[in-house]
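Here is what TrEMBL says about this protein:
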type     : residues : note
SIGNAL   : 1-33     : signal peptide
DOMAIN   : 108-156  : domain 'FTP'
DOMAIN   : 285-358  : domain 'Peptidase M4'
ACT_SITE : 352      : active site
DOMAIN   : 370-507  : domain 'Peptidase M4 C-terminal'
ACT_SITE : 443      : active site, proton donor
């Protein structure tokens, strides 16, 4: 292609998403240094979403959630409402539009397209407008389930638009200019050129080229010549007439017509020589081949994808052959054109047919930079799939995956090995082009996705990833799904990575025409691996300049690297307040200077410094007016963009300790440093050529620690002066900062209202602190409460308390317990426990008040009888125990259920703590109360074991008036039916034979359901181990309303304990695909049949025995969105003991419940060994 010169479930749990969560999101390519964090979204009812940030806009470009728990839009969708899905999408965007960069979706979005899948999935695509003017590549695509609940949102929005939409050049004026531009390009008279009606659009390089640059009001129009199949699309500045974007509108039911151009090369359709089957017997081999291979292309899409012609509507295919010896092939937007001999190449004919399909799917991909490369790769893929399935041409293994092996001159690309033709096979390949030629290298950079297609289809190991072959049918179905419903006009490779994965998810279990294959979740994992292998989401580092990725603030692998901005800053200037911190020498540097088509070019905010490159013989510097004392471990980081005469003019960065003698910064350790030499300065190293938008550079100042230092940026140009040079424009500087990479603590722990510790916890990291009265690590342990664990910056995390219990002999820990913290969002005024036992155990009810100002008036009922009333002061707790006679002696109270209520409406939290058995105490357990708002009619446990332990299922009825009719199922078998009176409870145990003797029942999962819809609560109680009963454990059931597809635990220890992860699939029909990650590493993936439970244990280095694994945090996720239930079961013994004496079960914490603040009622590192565990 030629181009004009470019001048540059609704189960809902409230979750609060926080800006700091977004700051660590995966950027899209190419990454620009330090984008502003997205806005903080308001809370919405949904599980914790996956979010991706657009590198240039700083806004979210991709959001996805588990399809089993979609985001409820609350739009009141009705099947008979034709606009229901659009309304649902708009309802969501009304609430969360600012996340993507919208101010008012009603004013800014127009519905562009709506489609659906056989499984009920719905897709609504919106076009962004500003004052009614479309924004090029400004699109959002919303995927919903059949009920209108949101599953994914992808696309880009150009935020914060403020430009005028009144053009200074009229439509007539721009049409006249466009006509002349096209005539000049074609070498013909302007009066032969026709132009379309100009359309106002808004153009931004942020969306179309992923680089910084000012949004421009523009006229978009096409130029054509009568009979000419190739149109020319132009985007011209509506105020200046500058060419912003220009390219050929062609891409180099069955009804087929073949025309003969007779080698005229005139672009006019020649004589109609045949139609349909008549063409197959033509004596002209090009006519015959064009017909056969277009027919093959039609049949492929019809047979494999059920698409009738390229547009889906059975449109006649018209092709012209014998176009000339100097032409290959192209799709004009209406017809196919082939040069001499090219119809023989079935993959090239299929490639052009693929472009025709892409034009009517794939968001109408712009043939520009990465979006154009994606379009070219998709066309290659369709051409090759047609080639490999039509049983024509050369199909040997040696030429398989070559494009054009049957064409004159031989093949032009290899999808299997793109580098054979100097095409990139991954984003960091040295063959990846950064150029304005070929519309941004679209026919070269397509190699990245070409390699991914090959790997997915045939499988293989590449770049550290081993991909299993999916075969052509599955790959075609996934990519076609992506083209139809996910890929947008401005998509780049980073977008494509997310779009392919979501397209794969949407394709799971859908019928593929004429194929027995179906896409599975496991296939989608291969899609992920393929996009990782070719680095679709990795910054390209092979551009001519700079040679390295934009520098992060802190080195990778350091804790501070997880944060978007340093916290320990010595000096910082973003130039928003002017240039008062700076001294200039020479004539080049200016504050807020503008030049050429880039206009204002700030990295952040509105202001910047600029040094012009158009002035001759310049040696001009910008230096800090003051010197700064450099601390140990300091760095200098700055954002800059340069467009300088390559190898001639350039910029350098220097430092001085006295303001007179300057030393080049290249002597220091550098990330993303100089990329060439400057002949105007005698060949010294420097920044030269083009950075293609903003990048960032970091210098390590460690060797300057303790020095007082000035910094300066210096531009040097040669004596030549070219007033018409619009390419070499200068050097922009923004966001200068000197800092250290001190770790920013993000978690604080308060015990009894006193701050006891501050910690930094990165993603997939954890801390496990313990506390002593003295604040050190010796002497009496700390015993106090309540405990508050909170994030200082809004990071979501999870936390638990772990206890080793020593009983009366501190040298013999015999029990272990772990309990999850209570999130602030789930605090209540009323809680329930099924049972209270101060007779066979010692049991306390602990009640904490998190308020800093209000006293909570609390009543405790046991078995329906008021047993205690308490005034619990702010940040205080009480720990009552109860006896049968109401006093403090005699037989202990054993009754239930337990109700704890704050009668004055102050929110509280509560737990039961138990020492077991009586002298000597060997067991300990704590269980958190169940809040009244979360009581449900159905609960689940992963497992029941009445063989190796004594296990009871306790079910309580909190209703004061209604009897609860309860069934208990274990391993899918009904084991008990109970009528539980108001305020009553049952405590059944089960044996294998259904009676009360013989082997105890060991099976799972466990389902406790109230069949008459009375809300209940349920726990499992355990005495462990068999025969000695050293320990006691109680765990609350997972309410149906809280069952999720993703759970977390802070820690896994199969080294000092025996730890099993239990996973249950409560579905009666669907297989769950389960993935287990520990410390961020995927350790296991397996299929879990409906109604089944598995138990997993892990050892170091992936072994099946030996040294147990000890690491964390843990994440258990159902990757195909089938809800699961999970817990960890731990058997514990003292390190010096031979037998296990302790047992604990901890239910997984639903990721959808993650918070930034949690509570525990008590901390005891005095009579026990007590840790607080925090994970992210």
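The backbone N, Cα and C atoms fix where each Cβ goes, and this holds for glycine too.
Curation does not apply to TrEMBL; its annotations are automatic.
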Tally of residues which DSSP labels helix, strand or coil - the domain 'Peptidase M4' (285-358): 37 helix, 11 strand, 26 coil
Arithmetic mean of per-residue pLDDT over the domain 'FTP' (108-156): 86
Rounded Cα separation (Å) that holds between residue 443 (active site, proton donor) and residue 352 (active site): 13
Neighbour tally for the residue listed as 'active site, proton donor', based on other Cβ positions within 10 Å of its Cβ: 21
Cβ atoms near residue 352 (active site) (within 10 Å, other residues, all chains): 29
